[in-house]
């Protein structure tokens, strides 16, 4: 049960729904509210399909590359640490001020904003680490995906409630939690490496 909770938190932090809120709103601002909801749901379903694909194929890719669990854990910790640093100290061009009169399809909402390289790499690493607990991983992925959908569908409410500064503060807080999780993953990998 604790594995499901920690994995769900990890995936939500990497999906970064709060960080993606302003970008989603900028890209979809020219659409009416009803159409915006349809586009968000469609893009999130596409992202889910891509994420599930990487979750189930990830282990096979790692076997082909002949990577050990310790390597996966250490590199996963480093990747997540870098993501967390970007969340705490976002750069100006990180905001991807994309504005288009066209309706987005697949890019940039589903990929790379939700199912980005960091999330797909993490899913591959998790599928290798928890090979015999795939049911829990799928459950964690679905819970975190659903949570992200709810936040993105309630984007205007969240921005009204917290304001852009409040959303930024929450994202930085999520970054701090992700730093702790990534450090733990890194240390677990080092410990396992020394044991072997």
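Glycine is treated like the rest: Cβ placed from N, Cα and C.
Here the structure is a predicted model, which means the values were calculated and not measured.
According to Swiss-Prot, the features are:
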- 8-28: transmembrane segment (TRANSMEM)
- 45-65: transmembrane segment (TRANSMEM)
- 71-91: transmembrane segment (TRANSMEM)
- 105-125: transmembrane segment (TRANSMEM)
- 134-154: transmembrane segment (TRANSMEM)
- 174-194: transmembrane segment (TRANSMEM)
Restricting to CB pairs under 8 Å, which listed stretch, 8-28, 45-65, 105-125, 134-154, 174-194, is in contact most with the transmembrane segment (71-91)?
174-194
With a cut-off of 8 Å between Cβ atoms, can you find at least three pairs linking the transmembrane segment (174-194) to the transmembrane segment (45-65)? Only pairs 6 or more residues apart in sequence count.
no
Quick test of the contact rule: Cβ under 8 Å, at least six residues beyond the ends. What residues does that give for the transmembrane segment (134-154)?
3-4, 7-9, 11-12, 15, 17-18, 20-21, 24, 37, 40-41, 44, 47-48, 51-52, 55-56, 114, 123, 126-127
Taking residues 6+ outside the transmembrane segment (105-125), which of them lie with a CB under 8 Å of any CB in it?
10-11, 14-15, 20, 23-24, 27, 39-40, 43-44, 46-47, 50-51, 54-55, 58-59, 61-62, 72-73, 75-76, 79-80, 83, 96, 98, 141, 148
